[in-house]
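> Quick one: this structure, given as structure tokens, is what I'll be asking you about.
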Amino acid sequence: MEIHNLLVVITLSFTTDVAKCCLIAGVSTVTSHRLLGYAYRNTSGITLSSCVSLCKSDTYCVSVNYDFVSKWCELNERNTLMAPGNLKHWPVNFYVYLERVPVHNLCSFTSCQNGGICEFDKESLKIWCRCRNGYIGRRCEVCGNNSLGLQDGRISDVSFTASSSKSTNLPHMARFNKPKSWMPQDNDTNRYLQIDLAPHRYFITKIAFRGDDSGVSALTFKVKYKDSNNNWQTVGNEDLGSFKETVFEHTPYAGATILKKFDPPITSTVIRILPQESNSAYKLELYGCRLVK
């Protein structure tokens with residue numbers, strides 16, 4: 001009987017305080033819920049109305065959690081607009097969201113990654129990240145596999161160098177939008193095409209290649225890149241405890257474009273294509289994102 005009476009008292013107290021809360025101007029309320037992870041200040045032994053007033057007097061407070069049993073008040077630095085996934089069911093609790101937006105600090109609580117810029121619309125009260133450098137996602141956390149700029153010219157002609165070239169097939173012609181391609185000399189035994197991406201460092205996820213429009217194919221090749229210590233590394237994978245260099249296979253059709261993933265992706269400012277056979281031709285595009293410090 002004592003337990004039953006206690007539950008009745010708690011229920012009546014909860015209902016009474018809910019009614020009082022809902023008369024408070026400028027707030028929205030959710031019963032039996034609390035916002036987890038963003039409380040920065042707390043106090044106990046006060047009413048719900050006092051808890052909300054405490055939040056209103058603090059410019060960084062945008063919502064509160066209130067426990068009706070313990071009269072525990074938590075001030076939150078975020079609300080369900082900024083952290084919708086953190087509102088959880090919590091018995092005998094009350095979540096109160098102040099219908100105000102602290103414009104001066106809203107974006108400071110939104111972590112846009114990889115150089116993304118936080119933007120805020122005052123009318124809709126929505127925030128989002130405007131992504132840059134090829135990244136996508138709610139917080140610009142995902143590399144969108146954009147082209148790095150070989151085809152469209154963002155990577156300049158002087159960024160292309162090679163061990164050798166045929167007179168009409170120069171290094172900078174290794175682009176998809178060129179009528180010709182890069183071709184090494186037939187007697188070159190140390191063949192390579194180098195693309196310098198400096199001063200930026202890139203997270204490179206894929207490479208696309210094809211041969212020359214005249215019918216000369218892109219044959220097998222390996223890929224090297226400079227690591228953060230400026231040492232050359234070869235793209236490859238561990239195979240049964242030993243490192244195995246990846247050989248990118250050619251296609252018999254010169255005009256067919258082949259897309260290959262780097263698994264794992266590589267991070268570098270310089271990349272080299274090493275043809276394994278003579279009488280070959282290459283047009284290339286690299287995909288990934290520019291790294292942001």
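Here the Cβ of each residue, glycine as well, is placed from N, Cα and C on the backbone.
Any TrEMBL annotation is an automated prediction that lacks curation.
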> In TrEMBL, C112 is disulphide-linked to which residue out of C107, C129?
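Checking TrEMBL, the candidate bonded to C112 through a disulfide is C129.
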> Let me make sure I read this right: TrEMBL says C140 forms a disulphide bond with another cysteine. Which one, out of C118, C131?
C131
> Whole-number Å only: compute the distance from the Cα of C131 (disulfide bond) to the Cα of C112 (disulfide bond).
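It is 8 Å, counting Cα to Cα.
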> Quick one: give me the count of other CB atoms within 10 A of the CB of C112 (disulfide bond).
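The Cβ of C112 (disulfide bond) has 22 Cβ neighbours within 10 Å.
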> What whole-number Å value do you get for the CA-CA distance of C129 (disulfide bond) and C140 (disulfide bond)?
7
